[in-house]
Every structure is written in C-alpha cells, then in structure tokens.
Amino acid sequence: FVSSQVEILDWETKKQLCFLDKVEPNATIREIRLMFHKLHPRWYPARQSIKLDPKGKSLRDEEILQHLPVGTTATLYFKDLGPQIGWTTVFLIEYTGPLFIYFLFYFRMTFVYGLDERFTSSPHPVVNLACICHSFHYIKRLIETVFVHRFSRGTMPLRNIVKNCLYYWGFAAWLAYYINHPLYTPPSYGKKQINFAVIMFLLCEAGNFSIHVALSDLQRNGSKTCKIPYPTKNPFTWLFFFVSCPNYTYEVGTWISFTIMTQCVPVGLFTLLCFIQMTVWAKDKHCTYLREFKDYPSHRMPIIPFLL
C-alpha cells in the first residue's frame, strides 16, 4: 500500500512535530528531512536523526519511503543530534594542532625547557628525523582530508571536537616533550634500529595513503552506498585480501615504527591506545560488511590478518 502521508513524532515524548501530506511514494529520507527542516528551521538536515522506531537505527538519506515497512500514513520518529560540524573541518582542526604543537617542543621554546644553552639543540640526529616523520604524517593527513577523503556522513556532533582535540593535541604535546627533551637518549641499537623503523614508517604511510585512495575511488561518482573494497593493481592494496580495514592496519604500523624509531615510552602508550581504538572501529566496519553483503569474503579479519 503506497504511503502518501508522513507523521513525524518526537522520539522521547511521542508528541507530533509535523504532518506531511501528499508526500511522493518515491521520496527519499533526505527529501523528508528537507521538508521537516522547512517547518522547523533550527533542525537542519544534518542535525536530524529520523527513525522507524524510537530506539532503532537512523534511516539513511538514500532510503525510499515506499520501500519502508510503513502503512498509508508513515509514522517516523525524530531525534535531535545537537549542533553539528563538518568532518572536513573536524579533521583539519584535529590534524593541524599536532603539527604545530610538536614544533613548540622541537624548537626548544624557552618556556618549555628553560634558558640553559644546553637545552637549545639536540645532539641526536634521530630527534630531527622524528620531527620530519611526525610532520610528514600529519601533513599527509591534511592533504588526504582536502583531496582524497569522501565522507559517507557529512557531520559529527560539535561537542565531540573538544574530546578529539584533547586526544590528538594532548598526545602530540606529550610525545614531543619527551622526544625533544634535553635528556632524551637515542635508541639502543643505533642506526640499524632507526633505519629499519624509517623504512617501515614510509611503507606503512604509503600503504595507508593507497588504501584511502582505493576507498575514495569506490565513491567517485558521489555515491554513498556501501560497497565491498577489493585489491587493485597497487600492491599496497593487496592487504584487502586478508583484512577489512587495512587503512587501520597501516596506521597502527606507522605508530609502531615511530615507537621503534624513538624508543620512547609515551609513543608506545599512544600506539597501544591507537591500536585499541582502531580495532574497535575495524570490528564495527567488518560487522557492517558482513551484515550488508552475503557474499563478503569469509577469510577476511577486521585488522590483523588471520588473528583479529
């Protein structure tokens, strides 16, 4: 039975917020969001969560009204997601901070380590190399944010930006303080350890970039539909044979190599937290793939081949 009317209720109070009459059966949820926004201007589309059930999942923008399990009058539920901020802006803020914070410690600002002449420069070349690698990592992230990433969801809650910045900016300051400290000691195995770490670092950065490009290509035509990513001719993407989220695998590898390069405990702790958080994200994405695609490759693991 074709729906032509849409009733939108508050998800908590069940109070009717609006009644849309003569809605086209092939109207998408995005179009319904826009209609709702016209009646309630303060709730712009990105701020709206539209659901079939008060405790259910948010409907995707591309879902079509007549394909939903609703009757003549479709009853939908609205939840206010709060003020939103675009993902591009989020990433630019998150990644610009660590880039400049690190330099405050690298250039031995007097308010950090004091005025002693011994504290104005480091005798260890690895300190310079660590700064180059750290800067390269975040510059790469900024470039990817502007030119590579395509976001399936355009925004996130504004309140999260403070938490995210505290995480990225705080850890950048902590790492930089110890790596650039006048009493810092270089890695135990010297150049061999550093050279191995640099090679590993560059390979993981190249791999991470390659995966981001491959994922971006899946949405080249502006499609937000979830698709199964597959390896391409680029060898760095062959990790898709074994894991669902090789971008996280390479990201963790980048920070493991940085830990080996600097042999610094705070870097190791940051790497461990990165691994835990990215494992959570990878498992969520892996479960989404399994739920969305019946033919999803069964041998893939979320983040570590054959293990996790």
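Cβ atoms here come from the backbone N, Cα and C positions, even for glycine.
What TrEMBL records for this protein:
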type	residues	note
DOMAIN	5-80	domain 'TECR-like N-terminal'
DOMAIN	155-308	domain '3-oxo-5-alpha-steroid 4-dehydrogenase C-terminal'
TRANSMEM	85-107	transmembrane segment
TRANSMEM	166-184	transmembrane segment
TRANSMEM	196-215	transmembrane segment
TRANSMEM	235-250	transmembrane segment
TRANSMEM	256-276	transmembrane segment
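Looking at 85-107, 166-184, 235-250, 256-276, the range that has the most CB pairs within less than 8 A of the transmembrane segment (196-215) turns out to be 235-250.
Mean model confidence for the domain '3-oxo-5-alpha-steroid 4-dehydrogenase C-terminal' (155-308) is a pLDDT of 94.
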